[in-house]
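Novice: Got a structure here, written out as structure tokens. Questions coming.
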Amino acid sequence: MPEIYHYLQQLVNGLTVGSTYALIAIGYTMVYGIIGMINFAHGEVYMIGSYIAFIAITLLAMMGLDSVPLMMLAAFAASIIVTSAFGYSIERVAYRPLRGGNRLIPLISAIGMSIFLQNAVMLSQDSKEKAIPTLLPGNFVFGESSMNGVVISYMQILIFVVTFLVMFGLTLFISRSRLGRACRACAEDLKMTNLLGINSNNIIALTFVIGAALAAVAAVLLGMQYGVINPGIGFLAGIKAFTAAVLGGIGSIPGAMLGGLLLGVAEAFGADVFGDQYKDVVAFGLLILVLLFRPTGILGRPEVEKV
């Protein structure tokens, strides 16, 4: 019985991290699904979101407004607003002027934007780690004790609930709303949507904004879960989320969700079996294994290019 608790604990830990990977991965997959390009500055948008949350919580604490609901609301609201503005700006500056040229040019532009944002944060906030309060300490224990049961922290429960609500809301938006249908139309045939009178530039900008907002939600949740942030967290989080998007099928929103969860679980069990230093090896090994047998990802669809 203790063995079952141990594996269930790893599953819970993996799903916690994986759900946040999924939120970030959706930003990659939505942009790729419409313009066929990867936003390599997306990880830095996530990093900026965590710093905005830190600043919001710190300012409220300095003013004596230390109510947990107020701090959480301020952290989410400020982070989403600021990162959405960054997402829109990245599309306007790094992608839109270069979209009609060689596909490598926007890629290089995005990498340059990523380096610029990371160094801008280093200069403004310094490179030292900063602590974000958890705000929701404590946990539930399912079983006889914490040593012989499954421990789920309040923060993990918050991560599950918020992630589920955000993904459910996004699914409804994409499937039911007029803008969501326009996003799907652009993903199917960008040129045809322009002929039908849909402003594809606005839809593309909207996907960058949505992706940035989802990254902000993940940034606040993971920041409070781990309690520490630094200017370098965006790089690894971005690579992991991109891996999740490719694993599930880049361009597929359900694929990004599934890929994030699978990647998180693979990391958790990989760290448990081989040691924490090998969790990245297991995660990327899983990606290679899936791509060997299904190059389009688990839920990806093969694309036929007309010549």
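From the backbone N, Cα and C atoms, a Cβ is placed for every residue, glycine too.
Swiss-Prot lists 21-41, 45-65, 70-90, 104-124, 132-152, 154-174, 203-223, 224-244, 245-265, 280-300 with the feature transmembrane segment, giving sequence analysis as the kind of evidence.
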Novice: Using a threshold of three or more Cβ pairs below 8 Å, and leaving out pairs closer than 6 in sequence, do the transmembrane segment (70-90) and the transmembrane segment (203-223) count as in contact?
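Specialist: Touching, yes - the transmembrane segment (203-223) and the transmembrane segment (70-90) meet the threshold of 3 or more Cβ pairs under 8 Å.
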Novice: For the transmembrane segment (154-174) and the transmembrane segment (280-300), decide whether they are in contact, meaning at least 3 CB pairs lie under 8 A, counting pairs 6 or more apart in sequence.
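Specialist: No; fewer than 3 Cβ pairs under 8 Å.
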Novice: Most CB pairs under 8 Å with the transmembrane segment (104-124): which of 21-41, 70-90, 224-244, 245-265, 280-300?
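Specialist: Out of the listed stretches, 21-41 contacts the transmembrane segment (104-124) most.
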Novice: Give residue numbers and ranges for long-range contacts of the transmembrane segment (245-265): same chain, 6 or more residues beyond its ends, CB-CB under 8 A.
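Specialist: Same-chain contacts beyond the flanks: 10-11, 14-26, 28-30, 32-33, 167, 170-171, 174, 187, 283, 286-287, 290-291, 296-301.
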Novice: So which residues does the transmembrane segment (70-90) touch in its own chain, when a touch means Cβ under 8 Å and the partner is 6 or more beyond its ends?
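Specialist: Contacts of the transmembrane segment (70-90) (Cβ under 8 Å, skipping residues fewer than 6 from its ends): 27, 39, 41, 45-46, 48-50, 52-53, 55-57, 60-61, 110, 113, 117, 133, 135, 205, 208-213, 215-217, 219-220, 224.
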